[in-house]
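In TrEMBL this protein carries:
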ACT_SITE  Cys183  active site, glycyl thioester intermediate
DOMAIN    24-441  domain 'THIF-type NAD/FAD binding fold'
DOMAIN    295-377  domain 'Ubiquitin-activating enzyme SCCH'
DOMAIN    450-533  domain 'Ubiquitin/SUMO-activating enzyme ubiquitin-like'
REGION    552-624  region 'Disordered'
Amino acid sequence: MASELTTEAVLAAAAETPDTLLTTSSQARVLMVGAGGIGCELLKNLVLTGFGQVHVVDLDTIDLSNLNRQFLFRHEHIKKSKALVAKEAAQKFNPAAKIVAHHANIKDAQFNIEWFSSFSIVFNALDNLEARRHVNKMCIAADVPLIESGTTGFNGQVQVIKKGVTACYDCSPKDTPKSFPVCTIRSTPSQPIHCIVWGKSYLLNEIFGASEDESAFDNSVDGDNAQEIEELKRESEALRKIRNSVGTEEFPEMLFEKVFKTDVERLRSMEDMWKTRKPPEPLSYKDLFEKAKSQSLDQEKVLKDAQKVWSLEENLVVFNDSLERLSKRVLESKTAGEDAIITFDKDDEDTLDFVAASANIRSAVFGIDRKSKFDIKQMAGNIIPAIATTNAIVAGLCVLEAFKVLKGQYDRAKEVFLTPFANARMLASDKSRQPNPDCPVCGVYQTRAYVDLDKATLNDLVEHLIKTNLGYGEKDFAISNEVGILYDPDETDNLEKKLSELGIKPDSFLTITDEDDEEPFVNVVIAIQEAKEPLGDKPVKGILDPEDVKIPLKPKKQSQPEPVATPAPTNGNSTSNGQNGGVIDLDGDEPTTTPAKPSLKRGHPEDAEGPSVKKIKANDKAADDDIVFIEDSAGAIVIDDD
């Protein structure tokens with residue numbers, strides 16, 4: 001078995017013997033986060049190019065909709081762990097490779113800074129902004145090179161990130177994401193848009209479009225997979241019966257009971273999925289129908305009021321009526337010998353009513369706010385599908401950039417943009433950008449502290465670490481975490497509280513902001529590490545001795561000339577195609593360009609644009625990271641390749 005090397009040893013070996021790159025890669029310890037569209041291609045590439053040890057982390061399970069492009073998966077793998085199945089499939093490409101699969105969330109406590117530090121290189125093959133930012137932050141804290149990648153339709157991007165050498169993921173602000181993993185849409189929606197996309201791209205297609213469930217099952221399975229295949233056959237048969245009942249009196253109830261009761265009860269039975277979120281509540285068609293009947297609702301009046309947020313009973317009325325209209329169209333097409341497939345059009349009242357009612361009923365099931373028909377029409381933009389070819393190209397680029405990283409050739413590393421419909425080349429590359437000195441993640445001084453979380457108070461941190469060990473002395477400063485401010489000269493209520501009471505856990509990050517107007521330090525980020533041995537009389541200890549702490553001062557700002565007014569881009573969109581330093585934001589549907597001038601007001605440590613921050617009291621609940629409010633919903637909705 002090849003011996004494991006640290007990051008420094010791998011880079012040193014590659015620099016000394018550039019002709020033995022494949023040997024170096026075989027000894028490297030690699031982390032790949034995400035085993036979806038990019039991840040499947042990337043894992044195959046890694047083992048075929050000789051990477052000897054690869055750890056794969058992914059929380060998701062395989063969905064039927066993944067099979068058209070995530071080629072490591074088959075029908076018999078549906079509902080199984082992506083990480084575990086990807087490991088088994090990729091192992092066949094190179095039996096000598098050591099692949100370790102983790103069916104878990106990369107944000108779990110087990111994946112701490114020390115664990116990240118054990119890798120030579122990290123690959124991000126993720127589908128959401130929050131996880132990307134987390135991995136970026138952990139790699140910066142652990143000083144491990146990261147190769148970030150993403151795709152949106154035919155567009156793609158690859159970026160090399162190295163602390164202090166290149167810009168990191170958070171060096172430029174990111175737009176509110178408009179992309180949603182398929183598993184979120186199908187199983188764990190948390191926003192109205194998730195339910196709208198489900199109604200439009202899944203349910204409407206299942207019943208009136210070209211259903212994915214019509215694919216033939218592979219019956220050549222072993223005994224271990226027999227039960228899974230039988231379950232899939234039962235689900236397929238249930239959908240087939242519902243499609244065959246179009247136009248019958250039982251049709252609305254059959255469909256309602258399947259998607260809003262039976263499927264929901266199946267989801268509820270997956271207890272692990274609901275440990276940190278509220279489980280959905282199944283609905284009964286007969287009960288809801290009786291309630292709607294007792295209210296004597298005026299169907300025409302309900303349908304005309306597109307600005308109103310319909311009640312659950314009103315949504316059932318619209319659901320039934322739209323099904324009747326759509327069924328009539330299907331039967332007329334069949335009678336005429338025409339294709340009986342109906343697709344969504346926001347100007348088609350029949351499909352819009354069906355999607356609006358279905359989305360709102362699903363929202364009620366999952367405890368999500370309902371939307372008016374008018375709002376749903378605005379939000380149901382174009383669906384940009386995941387493209388297998390784009391994933392393959394981006395995965396290949398990731399490996400090419402990884403070879404440069406292993407050789408320590410960061411001066412040759414590129415940001416590569418796949419933009420097939422731009423006027424420039426399909427693959428446009430730029431030199432890696434320099435770190436942004438104002439970046440809240442990499443433009444700071446990083447350090448660690450060992451803490452006895454059972455004893456240490458915030459005051460211990462202030463007196464024994466920040467003032468003494470880090471050398472702040474009598475300076476005024478503020479302490480904040482991802483939720484808000486814990487301490488500043490005017491907010492001292494938390495000083496006597498234990499760090500555990502303030503929600504500080506192992507691998508929490510605290511940001512120290514120097515409020516000295518004359519010679520302020522750059523922001524300092526402290527990674528909290530739980531002490532593994534007694535710390536003596538002080539429950540807090542810095543990783544460095546005071547004389548080794550060298551915190552740089554903030555560079556003095558140069559006076560800026562008055563900006564020249566320029567026309568605002570249409571709909572807030574940039575025209576950058578990824579060249580000249582532009583960065584394609586693959587969590588949304590538009591490129592991002594140079595960040596705006598930061599506000600002088602102190603803001604959230606995770607926010608480069610500096611909004612106001614609330615102050616934290618013990619036992620305050622953190623904001624729900626899963627919920628994203630989309631103000632601009634005119635753009636495309638992207639189904640990311642999870």
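Any Cβ shown, glycine's included, is placed from N, Cα and C.
TrEMBL: automatically predicted annotations, no manual curation.
With helix defined as DSSP H, G or I and strand as E or B, the domain 'Ubiquitin/SUMO-activating enzyme ubiquitin-like' (450-533) counts 16 helix, 27 strand, 41 coil. In terms of DSSP secondary structure, the domain 'Ubiquitin-activating enzyme SCCH' (295-377) contains 52 helix, 0 strand, 31 coil.
Note on the residue listed as 'active site, glycyl thioester intermediate': other Cβ atoms within 10 Å of its Cβ, all shown chains, come to 19. Mean pLDDT for the domain 'Ubiquitin-activating enzyme SCCH' (295-377) in the predicted structure: 91.
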